[in-house]
Amino acid sequence: MSPLKPLYKLYEWYISRNLRRDRMPRHVAIIMDGNRRYSKLQGSMNPIEGHKKGIETLEKVLDWCVDLGIEIVTAYAFSTENFKRPEKEVKGLMKLFRENFEAIASNEKIHKNRVRVRAVGKLELLPEDVRRAIEIAEKSTEQYSDRLVNIAIGYDGRQEIVDATRKIAEDVKAGLIDPEDIDEDMINRNLYTAGLEDPHLIIRTSGEERLSGFLLWQSSYSELYFCDSLWPELRKVDFLRAIRSYQQRERRFGV
């Protein structure tokens, strides 16, 4: 055990004790960056090992969110750009996605905490077996409303806006709506995330300071927090620091 671990535990307790429950972000979105770099640092040439560790980290983060009363989590798992990665890595990722979505139906913790699971993105780009697994996961949790976990997979924020405007244009062409009726609410209703509250806080790991196409429309007034830790190495103290930073900010919403 690291000699610093007891100190971090004490620090975790201190931060958690001073967080205000009435100022907790309701929706936290996460860019889970750094899995591949983690694999290399561990001496593995197989990036899938880093992605497996990343899934374990996501499970821990979801537990922390339950403890803190955070109701909505959106995790950026796989972008449309990621399809350009080596074929072996993409196939390995799809296998991981399929296995983990399939496991949701029998996950006791998911059902105990009444967590609804949803996938958002251009899902038609995914292999059929992954889409079936997503359908199983969504169907097995659709009755829950206490908490919501969105997995952004096959997702790109620009493409999301393009697809939304294309659907609206088709409705205009069909005479279902007038161009004058188009407003922000209509665009919101046609996004992959339709019906989802905008994120209050977006966290990105690995030290990169950009959104990389994540929730571009929805993040106008989101607070951003960048963490140096690689995603598989994220500690609870890192997550608590992000929440503390959010609570220390004054949200102006453009005013």
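Indices start at 1 and increase along the chain as displayed.
Each Cβ is built from the backbone N, Cα and C atoms, and glycine gets one as well.
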Checklist entry - In Swiss-Prot, the residues GLY34, ASN35, ARG36, ARG37, SER79, THR80, GLU81, PHE83, ARG85, ARG204, ARG210, LEU211, SER212 are said to bind substrate. Which of HIS51, HIS111 is said to bind at that same site? => result HIS51
Checklist entry - Of all the Cα pairs drawn from GLY34, ASN35, ARG36, ARG37, HIS51, SER79, THR80, GLU81, PHE83, ARG85, ARG204, ARG210, LEU211, SER212, the residues the record ties to substrate, which distance is largest, in Å? => result 21
Checklist entry - When a 10 Å sphere is centred on the Cβ of THR80 (substrate binding site), how many other Cβ atoms does it contain? => result 18
Checklist outcome for this item: Reduced DSSP state (H/G/I helix, E/B strand, rest coil) at LEU211 (substrate binding site) is coil
